[in-house]
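The domain 'NADP-dependent oxidoreductase' feature in TrEMBL is assigned to 10-56, 91-148, 163-324.
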């Protein structure tokens, strides 16, 4: 560090804004980056400062001297959990989903992802309401994602979806009406390729473009071209199956190599004294990808959250990029 450089946290503008909002100058600097859509690495070994650095998400402030700007209505690369049910049985999965959501919120997760198909939204909603009632979190701090799925699409007499009557652009128009009615804050897509996204973006009379595209994404399927395209359109890419997927599950394509046993990932994990899962998650965060890390295990929920206090080198990122094999664990979803 250049000893003659000015001290950032002693800057009079930072100090004045911090005083105005009853915050530390460190919190103002962190909030500035978050509102710019930048993922922040805040190094500290001091317990008080670690907690202080985390107390910035709800501290919204008006633009001032060009330092801060209005928070975006879309999601950014932030802390996420994906409470996908364990099948079967449904009853156990619902109980696990509720408890996992509570543990996740207690840990600091604020993005909860679910879907009509998962059949656990009632339990997740109950967990969120309980944490709001206890004062653990405010509703405006939770980014809850749901997906209607094919259950709401038109069907023939045999119960099969009539795909030729499903128009992406017409469906998007209905979602826009939901946003206008205040039923949702943001609207996005899942499992869309570039061509499908462009259909929406080029729709005559488009009011709102997708804020996100949720797809399978991990070192074996890094989606680099899709990520580049989404970034160019200011669409956030969200990664599911970011840790590969459990080959024992019915919905997972069989005979796929287990991602977290890859020797390159394991070697990098050993280098940083981290788990392979943490390396896989950190890889996505440094690419600007929002990560959905499914777990019902309290230890793993906390472990998956501990990815903000280390950084992979450009060389390690290049090694992980080199693992791309176009392998899909969830082929039936595409």
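Residue positions begin at 1 at the first shown residue.
Keep in mind that glycine also has a Cβ here, set from the backbone N, Cα and C atoms.
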Mean predicted confidence [pLDDT] for the domain 'NADP-dependent oxidoreductase' (10-56): 71
Three-state composition of the domain 'NADP-dependent oxidoreductase' (91-148), taking helix and strand from DSSP: 36 helix, 6 strand, 16 coil
